[in-house]
Amino acid sequence: MAHTTVLSDGSQYENKNELVTTKDGNATLKARGIPFSRKISYAVGGMPYQMTANAKGFFLQIFLLDVVQMGAFYASLILFLGRAWDAITDPLVGYMVTKSGRTCIGKLIPWIVFSMPLGVLAYIMMWFTPQESMSPSSSFFWFFIWSCLFDAFMTCYHVPYSSLNMFLGGDQKDRDSATGYRMGMEVFATLAGATIQGQIVGVYHAKSAQDCSQLNYSEASLRNISSPLIQNFSSPLTDTLQNTRRAYVLAALVLGGIYFLCCVVLFLGVREQLAPLSTLDRIRMPYLAGMKMVVGHTPYVNLVFGFLFASLAFQMAQGNFALFCTHAAGLGAYFQHLVLILLTAATLSIPLWQTLLLRLGKKTTLYIGLCMYAPALVVIASIQSNLPVFIIMSIISGSSLSALYLLPWSMLPDVVDDFKVKNTTSTDLEPMFYSCYVFFNKFGGGMSVGISTLALHFAGYKPGACRQNPAVITALRVLFAPVPVVLLFIGLVLFYFYPINEERRCQIQRELQKAEKVDGFQVMEAVRL
């Protein structure tokens, strides 16, 4: 039966765990588990972040360089500074969430609901080119401002959403199951987002590649046409460019609509529940003191930095995939199809990793999944214009990507539980744990795209050009394979020192059960009185 907990401010909060009495007369709280409908609603709520993040990851760089035709230096500033801003907002929003009070719909869900309309608007405007030809500074500020606004509003959505995992009810096994549903739905969201974005804009990218091939066929054309996309507005390339810009706006409108619907499903299907050693109350600890406790927790540091370098490796390859296929591999007309194959493999691999997680443990399964990625990158970077090999390696890369989606996020609740049993008086810091986790992920992504685009700038990348110089091709190959492989190796070394194995995880759960037993005794005493 449900019981009501009185919190520090005198308000009441319903806890739907079952109150039972053991044989020795003590009271304890038995988790009722998480209903299937709540798991699905929670999982659907994670789709907007992954859809928009992967659309930006795969398409924003080529959009700025070849569609907006922005200089590589300005594009690198947008990609890096935008991600840096996005990363900085995470711990700040996390702290504001911990300081916020509860409402009639909860503490975390209001942040999700009220940030959604602003996030949808900013996302659409981020892909809109207001004029056919803009000055470099105007173009830079337009896309930089809207990118920063979208990232800020998405942070207000995603940080409380990530923290919501700790307040779904049930025990650690139930939360792992909910995380599995969430990651499965998020990988499906990347597939759906890439399908929508890729099919809408991919047709025009393929048309541009075809037009470039026709121009490159004649050496005389190459000598006489210095910049066909800018100087010859009557050419087919110019018409294709305008259609491509409109297609990006259409894709943003579709993804924005899905963003809205997913938020509605989350709002209707999820209600916040109390977690062990948590009160969902306002945090009383100063920001710096709370942050010091979070970053001083050793398992958290190992997990965060391992995730940072592994994520940096994946995002470095992801951000350069479209340009690599277009200019280095000679498969520009097929890159959107390769993205779909990669994400389909990632979606279908989630149940496999969830099964191995239960049998082998989280840490071992993570090692198996991530170690598959490096050979696939090396093979892709070593060949050219071999579509069947690219397809096979994309399948392997997608399977490894799903392991990165599932395992670190499944390990984070264990770290939070470990912190709570070691610091029983420091409660309600969950949003800070999750916000810092997201911070390092986004910071890694910002570094990857910023460094990549800046390297292309110094290599002499020409926006809109049909053929790039050999230095650019070499830079793309280095950024796509050797650099990510080194980063992935560093991440694996850090994961090796992650101290929470299966034995420690079971010990944490026993200590949490003792804490629940104490809570149940207090509730029983209150009922007797």
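Placement of Cβ uses the backbone N, Cα and C atoms for every residue, glycine included.
Keep in mind that TrEMBL annotations are predicted by a computer and have not been checked by a curator.
Residues annotated as transmembrane segment in TrEMBL: 58-81 (among others).
Taken from TrEMBL, the feature transmembrane segment applies to 108-128 (among others).
Residues of the same chain lying 6 or more positions beyond the ends of the transmembrane segment (140-160) and with a Cβ under 8 Å from any Cβ of it are 48-49, 52, 64, 68, 70, 74, 77-78, 81-83, 85-86, 89-90, 93-94, 97, 108-109, 111-112, 115-116, 118-119, 122-123, 125-126, 130, 134, 263, 431, 434-435, 438, 442. Residues or ranges marked as transmembrane segment in TrEMBL: 140-160 (among others).
For the transmembrane segment (247-270), same-chain residues at least 6 beyond its ends with a Cβ under 8 Å from one of its own Cβ atoms are 37-38, 40-42, 44-45, 47-48, 51-52, 55, 59, 63, 67, 105, 109, 112-113, 116-117, 119-121, 123-124, 126-128, 157, 161, 164, 168, 192-193, 196-197, 200-201, 203-204. The transmembrane segment feature in TrEMBL is assigned to 247-270 (among others).
Residues or ranges marked as transmembrane segment in TrEMBL: 291-314 (among others).
Counting same-chain residues at least six beyond the ends of the transmembrane segment (334-353), those with a Cβ under 8 angstroms from any Cβ of the stretch are 54, 58, 180, 183-184, 187-188, 190-191, 194-195, 198-199, 201-202, 205-206, 321-322, 325-326, 365, 369, 387, 390-391, 394-399, 401-403, 405-407. What TrEMBL lists as transmembrane segment is 334-353 (among others).
Feature annotation from TrEMBL assigns transmembrane segment to 365-383 (among others). Remote same-chain residues near the transmembrane segment (365-383) are listed as 310, 313-314, 317, 324, 329, 353, 356-357, 389-390, 393-394, 396-397, 399-404, 407-408, 411, 477, 480-482, 484-485, 488-489, 491-492, 495 (criterion: CB distance under 8 Å, separation of at least six residues from the stretch ends).
The transmembrane segment annotation in TrEMBL covers 389-412 (among others). Using a Cβ-Cβ cut-off under 8 Å and counting only residues 6 or more beyond its ends in the same chain, the transmembrane segment (389-412) has close neighbours at 176, 179-180, 182-183, 186-187, 303, 306-307, 310-311, 314, 317, 329, 331, 334, 338, 341-347, 349-350, 352-354, 357, 362-363, 365-366, 368-370, 372-373, 375-377, 379-380, 383, 433-434, 437, 498, 500.
As annotated by TrEMBL, transmembrane segment applies to 433-459 (among others). Sequence-distant contacts of the transmembrane segment (433-459), counting only residues of its own chain at least 6 positions beyond either end whose CB sits under 8 Å from a CB of the stretch, comprise 57, 60-61, 65, 71-73, 75-77, 79-84, 86-88, 90-91, 93-95, 97, 151, 155, 158-159, 162-163, 291, 294-295, 300, 304-305, 307-309, 311-312, 315-316, 319-320, 323, 412, 415-416, 419, 469, 471-472, 474-476, 479.
According to TrEMBL, the transmembrane segment annotation covers 479-498 (among others). Only residues 6 or more beyond the boundaries of the transmembrane segment (479-498), in the same chain, are considered here, and those with a CB under 8 A from a CB of the stretch are 299, 302-303, 305-314, 316-317, 320-321, 324, 328, 363, 366-367, 370-371, 373-374, 377-378, 380-382, 411, 452, 455.
If you look at the transmembrane segment (108-128), the same-chain residues 6 or more away from its ends with a CB under 8 A from one of its CBs are 45, 48, 52, 63, 93, 97, 100, 143, 146-147, 149-150, 153-154, 156-157, 159-161, 163-164, 167, 248-249, 251-253, 255-256, 259-260, 263, 266-267, 270, 272, 431.
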